[in-house]
Amino acid sequence: MFSSSVELELFFIFVLVVLNGIFSGSEIAIVSARKVRLEQLAKRGNRKAKLALKLATAPNNFLSAVQIGITLIGILTGAVGGATVALRLAEFLDDIPLLAPYAGPLSISLLVGFITYLSLVVGELVPKRIALSHPEHIACGVAPAMHLVAQLTAPLVYLLGVSTDAVLRLFGITSKEASPITEEEIRVMIEQGAQAGMIDEAEQEMVERVFRLGDRPVKTLMTPRTAIAWLDVESDWEENQQEILDTPYSRFPVGRDSLDECLGFVRVKDILNSQWSGQKINLEEIVQPPLFVAENTRSLHVLEMFRASGTHLALITDEYGGIEGLVTLNDLIEAIVGSIPNDDEIQEPQIIQREDGSYLLDGLLPIDEFKEIFDIETLSNEEEGHYHTLGGFVIESLGKIPQSGDYFVSDTLRVEVVDMDGIRIDKVLVNQLPEDSSTTEEESETDN
């Protein structure tokens, strides 16, 4: 029915569609390939991976070359257009009485529909699906050919680039460099990796904590001054010895009458060495130089200071030079991996979820962890640095040192003080209220 010229024309159209598919698949593969994976392959000596990485790191020229190829293929496909095929198909339809009056338009419509279908399936969808399923492997496979195409079309790409920039300038648009990847984007990628099962939940939590550690001031991790176990050079050795025996620590700050007169810190190891050698214990002789850190120093920076100094303990100072607290290397590690209790330490959890869904929280709970529990973005006066713990948030919200039973409402949370340790907030009960709750902060203050 059809002559050899028709078959040749159909074959030529099919070849053009396949070439279009190669360009489309190559574009998707190189753009979506993970650069980290390509770098790993390139370091192992994979030359194709080096070419793919080169194309991926400078995508503008490569994408322009691909677009030139796809455009030329589209023009050639339209030029060939299957004119001979349409003519032969019209002659075939003329033999059918019912279709004879519409043979010409119908043959063109059928041919256009066939070429469109073939172009979409073979020239676009299938190659892109394949490229997305194995981007790095395919990117390495097509890199040599695409690199050659980019070199051959370089003059035309340059001309098109200059022309495009000129047109954009007419509209007052200037090209900008791609913004670097943000921390939030990394968080999303990690979350997606965890959902896909590629990253363990524990690994995800640790990475999230590392990000938080970079933002948290060291004050949020410190042991407050009132809870510091320290040794006084003016006290009898028996008193200092009992302080060491009563606590599980291996390092102690040393002061003279007060922590504000801090001389440094001593290691229990050095005390034992002096004692076992028969020497009289003199804390001033074995004291190590102290490391002082401002209260608003970022925790991650303190970790770097520990690494540089070889010290595992730092004293936190306020703006007046007074000792406000103490932080150790163990505190920073626990902020990343979670609580690590000592063998002889019975540690009460800071977060307890009760059967009714409410939470019993420690007053010293870092405010970042409180926000994470209830998925809160920001709290009142938090950015001003007025508080860093749940207890500080309660005092800020109530405007006074509370008593047991005092409470307030913040958004949909009812926050109640249930236990005080002197003037320190020990335990706080937090309930999630319904969103349509009519309870207001003003009503709670009236009740109090």
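Along the chain as shown, the residues are counted starting at 1.
Including glycine, each Cβ sits where the backbone N, Cα and C put it.
What you see is a predicted model, and the numbers here were worked out from it, not measured in a lab.
Some features that Swiss-Prot has for this protein:
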type	residues	note
DOMAIN	2-203	domain 'CNNM transmembrane'
TRANSMEM	11-31	transmembrane segment
TRANSMEM	62-82	transmembrane segment
TRANSMEM	106-126	transmembrane segment
TRANSMEM	142-162	transmembrane segment
DOMAIN	222-281	domain 'CBS 1'
DOMAIN	286-345	domain 'CBS 2'
Looking only at the domain 'CBS 1' (222-281), how are its residues distributed among DSSP helix, strand and coil?
22 helix, 20 strand, 18 coil
Kindly state the mean pLDDT of the domain 'CBS 1' (222-281) in the predicted structure.
90
Helix, strand and coil totals (DSSP H, G, I; E, B; other) for the domain 'CBS 2' (286-345):
21 helix, 16 strand, 23 coil
